[in-house]
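Working notes for the structure below.
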Amino acid sequence: MTENTNANQNALSLGDWQLSPWLKRIIYWELGIPLALLSIGIYHGLMQVIYRAGVLHQSAFAGLDYYQGLTLHGVINAIVLTTFFAVAFGHATITFYLKREPTKTLTLLSFWFMVIGTLMAAWAMLSGKASVLYTFYPPLKGHPLFYLGTALLIVGSWFPLFDWSRLYRQWKRENPETKTPLAVLGTLVNFIIWFVCTLAVAYEVLVVILPWALGYKPTVNVTLARTLFWFFGHALVYFWLLPAYVMYYNFLPKLAGGKLYSDMAGRIAAFLFLIYSVPVGVHHQFSDPSITKGIKLFQSILTFGVTIPSFITAFTIAASLEYAGRKRGAKGLLGFFTKLPYLDTDRYLFAYLICGLFLFIFGGLTGIVNASSELNNTIHNSAWIPGHFHMTVAGPVFLGIIGMSLYLYQTTSGKKLFMSKVAVIIPYLWVIGILIFSTGLSWGGLIGEPRRTNLGLTYLNPKSELFTPEWVPTTMLGLLGGIIMFIAGIMFLVVFFGTMLKKRSAEGMLTFPVSEALHDEKRIPLFDKFKPWLAAMAVILVIAYVPAFVDATKNPGPGAPRFTPDNPVPVQTEQPSATTTTGLTKPLSFNKN
Ligand code: HEM
Ligand SMILES: [Cu+2]
């Protein structure tokens, strides 16, 4: 690959790196396992659009029920795939830029925690005992192994941060005056956000939910659980996005044939994410009655703070692409768009990244609607929401993940791409699919179509008295887009696993298309240090979240007993009379199902 010959920039040595065989194997497993599971993940995506369009009028298909499928879809695509990938990509970036490898024991430990956790959760979901969706809001109760499994997966993903920080400090001692490579900064910021936000969800799972799910505690504080979940849940979105940002800043300009417009812009964006990512989770709880208005307003304002690093990124990357286009001979204001290597099979990663970036424009704009408290009332829990987030998590995030997984595997294994012409078309097909899909869902959402609902049973069933013909065109668009996405997804799996089956044709090396900076500003210590930013993060977190947690513990309403997804009556053994299902102020005795 020609773009990889660019070594030795600045004081850093950015030449290729030969990965130790054990590390290479772990990275392959960390990329391969979630991609294999993705086949289940996107199968259920397809099934959802089929049910929703009223093609099926039943609650289950092939032994798997709608909510079981929706749980598998959310957990596999948005939690398992993203976490495994972030760890694998982190190992690769840290090793490549710092020229040192993580320790074997900790890397293996992390891997096994994640694998065993995933297996536990997968068993619970596939056996139908945890159809509680990836947000697992109580009072829906899943099998304890579902919660334990997700907790293990998360804890496993913490270990590398400790290892990478050690490598980073070692490197910094040796290179005190060299700017921390932007990719390393992005990776560390990402995993710090992840560590802080997952502390809340670990607490939610282990202290609030598990004792209740196991039957030791009769009721649960739903508001507290939701507040803890969203402390994690919004930052999760940035944990998904930051690996894609690392690719946009560090690799996309080079792939396009140009330079990164400003290195400093990337640093500022990374640190702003550090302070703004977590203290905004309440914007998912605008409709939760226990949380008071002031907190909602404050976190809503902070949410608009997150648009700053997003706009910095949009302008910097656009300028970098313009520079690349002009170097390739583009003229006029927007002529550079026509000169980029859209279908170059040698730079297939470009296609994945540019397509993701394009979708992100729509993802970002629809996100601003969600974050606005008043507008949020209109689209809350409607199909608009999945319409929005498929243009983020299934857009830049997903395309970055699959493109980079293919790139990492192909370059480090020294194999040629299987069906390279197809590989470069997949992201465009995905974009067409998502645009149709999201138009259908967003439009549907605006005219009241609900999310998380098997519409085929009622609203899209002409035999039902609830039949709503206005949602026929919207769900049909969802179906059409979903089918295209499904086909693109399967084509990707064929390309990825097909490449794995090929014979090695060169020596594999760890190498990245590293972009030089056009404006390589001199090192400013404030933007090369973590401590002041970590302190700012802590202060804002306390201001934004202490009142929210006080609200959640002080006025949560009556505690809720355990419900299974298929029954409106709580799980219980003694006192089976009807009165026990309502007005649950007194604890009941429950069975351990
Ligand atoms: C074949 C491609 C896909 C199709 C057809 C599809 C379709 C859908 C549909 C229709 C829903 C909403 C269902 C409902 O609310 O009742 C949904 C939810 C969701 N999708 Fe996808 N999707 C696809 C790929 C992806 C990918 C690649 C990701 C992430 C990387 C993703 C993440 C999610 C998440 C997190 C939810 C929310 C689940 C929930 O509400 O609990 N999807 N998907
Ligand atoms: Cu959010």
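Cβ atoms are placed via backbone N, Cα and C, with glycine included.
The feature transmembrane segment is assigned by TrEMBL to 27-51, 71-98, 105-125, 145-162, 229-252, 264-286, 298-321, 349-369, 389-410, 422-443, 476-501, 532-550 (among others). The domain 'Cytochrome oxidase subunit I profile' feature in TrEMBL is assigned to 41-528. The region 'Disordered' feature in TrEMBL is assigned to 557-593. As annotated by TrEMBL, compositional bias 'Polar residues' applies to 570-593.
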Other parts of the chain folded back onto the transmembrane segment (298-321), taken as Cβ under 8 Å at six or more residues beyond its ends: 245, 248-249, 252-253, 256, 258-262, 265-266, 268-270, 272-273, 276-277, 279-283, 286, 336-337, 340, 357, 361, 364, 368, 371-373, 515, 518, 540, 543-544, 548
Long-range environment of the transmembrane segment (71-98) - Cβ separation under 8 angstroms, sequence gap at least 6: 12, 14, 17, 19, 23, 26-27, 30-31, 33-35, 37-38, 40-42, 44-45, 48, 64, 107, 110, 114, 118, 121, 125-126, 130-135, 150, 153-154, 157, 160, 164, 167-168, 171, 181, 183-184, 187, 190-191, 194, 239-240, 243, 246, 393-394, 397-398, 401, 404-405, 408, 510-512
Overall pLDDT for the domain 'Cytochrome oxidase subunit I profile' (41-528), taken as the rounded mean: 95
